[in-house]
């Protein structure tokens, strides 16, 4: 009996296994026998310690010995105050963040350099309409009148550039007389009678319509120029110029009216008593930040946006000039009223500059674009100016600015001439002398501006190492080479830049096979530079089939106002 009672001691089963929390713990190897303690150690092993609610008795004893100060609030606060960390453990991350800050700080300076250069480019193209274009039209007319005296030495009656100049002059004169039928005063009072919210909506619609009509207007003018100057085999083919001419006149007239409505709306905002409309119109510029900042932009997309901002800023300056002229006329040219308009003019200009800086700063930040990209944009604009001064230029510089930035000077010039002639009355001999002196001053300003721009453009092109692209042997006449070989080379190059690369420029024109070198002057230099590097003419003419599989490389020289309008900017 005693043996049986000993065998069935409390806390153990019949097979000697532990069946309660008070017996010996089960060993790791599944045996009911406890591990013997280590030799020379008076401390029992962990397996020999009894458990109480999942904790060993030794742990519970140590917790009882802890002082209350170890668990106090003061110790937690001390740990928080003395806790340290090392930023160098993530050096790359913080270096990148610092570079982003430096980039945002450099954006205003680099952006305003580009804007300053671009605005003077637009000013040069705008002054060309008032200064050199009338003189070129007079020279073209003189050549046309005196043509029987010299005989028909050339196949053309006039050079292509002279034909384009005469078309521009005729369009300006016709649209100027058509603008006399538009009553500015009636339009002003009609717009002034509308509510503030209506005027706000009208102004936004006018901005959108201006961008849309500008994108289509330059294509109309280019189609007219090419239709009038392309070689024709039959006399009847010249009749096609007439519908293109009427389309161009209609476009310039409608665009001039659109800009007049914009200027009238801005004039109403200036003359409102509480300036609420002007404040709403200026706040509309900040809505542009929301529509642009949170989209994905690449370098080419940002270049197109920069050109659009340059055109928009220059157009706003001309609109402000028109508003000031109309207001000064109403106050009999009182100089004191000019100081009344000055704060509002400064507010419009300052808001435009602030919106552009903030927009470009965050676009470059979110898309990891460096500030050095604006120097590349400036070099691309400078390249257009330098290439237009060469003998093998394919277009006039004013047309190049129109294609690159979307700035078309003809409608704006028509409106400005209409406003100036209606605001300033010329009477007497002295007044006409002042007009002649003013015209001479405009010519001097145009020449000075062109010289400075040309010098700066050469500097920017050299800094960007783009001067070798100005001397492409494919586009230059070489006395040692026969004309047939040059034409074959040019034809293969032309195919690369249009069909095979898929990036057709609006300035590319068909090649006239019957002429030697004049046919080589109609293709854009920038398009050829991107597809045919120097020294590869022979390879292109011989291995044209291999170039079909060569991917087109997009460059800033290819990007103009209308090249990527169809590309979605996500």
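A Cβ is built for glycine as well, from the same backbone N, Cα and C atoms used for every other residue.
Range 407-424 is the one annotated as transmembrane segment, of 407-424, 461-478, 479-496, 497-514 (source: TrEMBL). Per TrEMBL, the listed range annotated as transmembrane segment is 430-455 (candidates: 430-455, 534-559).
Per TrEMBL, the listed range annotated as transmembrane segment is 241-261 (candidates: 199-219, 220-240, 241-261, 262-282).
TrEMBL lists transmembrane segment for one of the ranges 149-165, 166-182, 285-301, 302-318, namely 166-182. Of the recorded ranges 114-146, 166-182, 430-455, the transmembrane segment (407-424) has the largest number of C-beta contacts under 8 angstroms with 166-182. Long-range contacts of the transmembrane segment (166-182) within the same chain, counting only residues at least 6 positions beyond its ends with a Cβ under 8 Å from a Cβ of the stretch, are 129, 133-134, 137, 140-141, 158, 224-225, 228, 245, 248-249, 252-253, 256-257, 260, 410-411, 413-415, 417-418.
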